[in-house]
Amino acid sequence: MAPFLKQTYSQRVANHSNPAAKALLETIERKRSNLCVSVDVTKKADFLRIIEIVGPYVCLVKTHVDIIEDFDFSLVEQLKELSVKHDFQIFEDRKFADIGNTVALQYSSGVYKIASWSHITNAHPVPGPSVITGLSSVGLPLGRGLLLLAEMSTKGSLATGSYTEEAVRMARANRDFVVGFIAQRRMDGLGLAEGSSEANEDFLVLTPGVGLDAKGDSMGQQYRTPREVVLESGCDVIIVGRGIYGKDNGANPEAVREQAERYRAEGWKAYQERIGSD
Ligand code: 5BU
């Protein structure tokens, strides 16, 4: 087992040089939360209301900014203010997947100017290393971090086997900017010979497909519990969307608060058990 699986989040700060990775680990430790809430709603008011409620319980807020129908740039300003007020990082789940030149433009420009406000973003490895070259030309000077999609939570995902291994190799070759993976388990040492010194590399693993009350949805999503994800699979951050704000876009604030607290507690308990300090 990789030795840092038993390290605390704060001990692991020293394993990273990227400022976004360090900030995320520090936030997790400070707030005793490895919970990321994915706020997938289409109205600004719902988006901000949910974040105001869950803010105290999360290390990270994940966005899909392009699904917000009444988007304008003031939303970004408000999101940034909430991230300072409640002490969380921001992760735009953009899943870039084009040639380097195009992803650099998509990341820096357009309506959303993602690089200007999102501490962390992600990319599909499918174009090869050039997707990292393009994104890092924008993000690295700003101190941003990138996650590669090494695996997905959906039924029938094609990101398996040698594709996943290639994703890890791409990350390994770009450690200044690639801070880890979206995956369902730890990726350390994948594709390396047994006993290789590189096998101790510390990548962050952020994991969607987390739910306590459902096993999936009607569109191929599959859920595992925080315990399965953090303790059994060694992942670092649980990503939860509808498990927290339900089917009604978080209309009941007390229910949203309760669920955020519940997932935070479950994720943290699983981590404490993992490092042996429960
Ligand atoms: P849910 O409501 O907890 O199912 O939302 C999960 C979120 O994580 C949603 O925003 C997805 O786009 C995102 N996600 C995922 O579910 N599975 C994946 O493999 C990846 C992202 Br990558």
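Heads up, residue numbers simply count up from 1 along the chain you see.
Backbone N, Cα and C atoms are what each Cβ position is placed from, and that goes for glycine too.
Between the candidates Q89, Q221, Q259, TrEMBL assigns the substrate site shared with D40, K62, S153, G241, R242 to Q221. Close contacts with ligand 1, defined as a Cβ under 6 Å from any of its atoms, occur at D40, S153, Q221 among the recorded positions D40, D98, S153, Q221. Listed in sequence order, N122, A123, H124, L149 are the same-chain residues six or more apart from K95 (active site, for OMPdecase activity) with CB atoms under 8 A from its CB.
Around G241 (substrate binding site), a 10 Å sphere centred on its CB holds 21 further CB atoms from the protein chains shown. The separation of D93 (active site, for OMPdecase activity) from G241 (substrate binding site), Cα to Cα, is 12 Å.
Across the binding-site residues listed here (K62, R242), the residue whose Cβ sits among the most other Cβ atoms within 10 Å is K62. In the three-state DSSP classification, D98 (active site, for OMPdecase activity) falls within coil.
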